[in-house]
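Annotated features in TrEMBL:
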SIGNAL    1-29  signal peptide
DOMAIN    162-458  domain 'Peptidase S8/S53'
ACT_SITE  Asp171  active site, charge relay system
ACT_SITE  His239  active site, charge relay system
ACT_SITE  Ser423  active site, charge relay system
Amino acid sequence: MGNRHPRSNALSLATALVLGACAFAPAYAGGKANLASLEDGSRSFGRFVVTYRSGTAPRRDAAALERSLGNAASALGLNTLQRLRRTATGSDVVVSPRPLSRAEATALLHTIAADPNVESVENDMRMVPYWTPNDSRFREQFGFGSGAGGIRATTAWDLARGAGTVVAVIDTGIASHSDLNGNLVGGYDFISALSGAEAQQFGAFFIAADGNARDANPADPGDWNDNPNACRTGNSSWHGTHVAGTVAAVTNNAKGVAGTAPAAKVVPVRVLGRCGGFSSDIADAITWASGGAVPGVPANPNPADVINMSLGGSAPGACPQSYKNAIVGAAQRGSIVIVAAGNDDANASTAVNSDGQPVGYTMTNCGTVISVGATTSSGGRSSFSNFGPGVDIAAPGSGILSTVNNGLRGPTTEAYKAYDGTSMATPHVAGVAALVQSVARTPLTQEQMRTLLKNTARAFPVSPGAKPIGAGIVNADAAVKAAKAL
Ligand SMILES: [Ca+2]
Ligand SMILES: [Ca+2]
Ligand SMILES: [Ca+2]
């Protein structure tokens, strides 16, 4: 909304220049009184900027100026108009003795403009900041800004911040973080117990790592692995905490990072543990997150407007039927399902599996999902990002700062770290979808959301060339404006 202000100022300046050039033009009050300057969102008016023609008495002489202002004031029944100061460019800032209504201010502008010595007069317009949160590390979050790689969230936040929406983050669970906890609600841990044979091989709670099966506590106990026979070894990732922070870190708290949808709530749903997680658990999590019934699990009291899945197969593979069914059900219940395209620099739709079949990557190949590729701070494709016709849209995924934990194994102290991945791109789009739903008169369906996000996407500043990653970079500002216009 603030965009309009500099433009109308530019127009009034142009008008003033034209009038200044036509020194012998007849007095034309309508043109000299900048009535558009009253459109600054104010309910009352009290400060005006008058510019007297160069060389005229009021421009030269304080007493003449006082007379000119005094005449205008008395014509409107005001005691006086006081000059506050002269600006660097020779205009005078004047104040009325009391707040004026729009009609009174309009009359005042006309009256002052009727003085042939006056070149222009306008309301001293109030500019507003494009809301930029005060989070201490916000300036490191290029992904939210208006630069080449940014999603234009800072301008979108003037119109929508996601209030009233819920984003389910189906991931590794959540670590306590003071820059995130305030935006978390509910949650569940869907990692089920291993079978007897599996438990014998890896230990009963190998994947879960929290000492039990499914439970109501989605806390992330860490997903470190030091068993090379099980999967790749490594320290805990705190992946779900990072993703959740990008969706809705506590924002404008003078601390840490901002989130894409600062007023949205995140439901953490734990499905990934040590060495990942099973599709059967993830399918149940999708159903539950969207408000569907899962046997043995209490209903989700916070059904998701948007489901973020920054996860997928580690190699090409056909979409499991359990996913397809769960995703169709989620869409029917009104949840927008947004997934990561994957990080293998491969075609997410046609990459071949070990049998040579062109199956692509799960989740992109799961039908109605909105699949997200990753871009860098300059708006080019992240070198790792999967691509292809199944990728709908892109978002920042290289060097994304968000909330994590310092623990190499279990959780210790909270931290912020920059991660790379389509996992980091996806929550930018999920957050934008939450912004959209928060202002839409009627919540968009999955297909309506896909269409809106693609139609409003920003053209890639750097072409992804032969490795397409969708319609463009998600544009929060344009998406929100389009949603409000529906
Ligand atoms: Ca558990
Ligand atoms: Ca648990
Ligand atoms: Ca913050």
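Along the chain as shown, the residues are counted starting at 1.
Cβ from N, Cα, C; glycine included.
The Cβ of Asp171 (active site, charge relay system) has 29 neighbouring Cβ atoms from other residues within 10 Å, across all protein chains displayed.
Cβ crowding, taken as the number of other Cβ atoms within 10 Å, peaks at Ser423 among the active-site residues His239, Ser423. When the alpha carbons of Ser423 (active site, charge relay system) and His239 (active site, charge relay system) are compared, the span between them is 9 angstrom.
DSSP gives Asp171 (active site, charge relay system) a strand state.
Taking only the Cα positions, the spacing between Asp171 (active site, charge relay system) and His239 (active site, charge relay system) is 7 angstrom.
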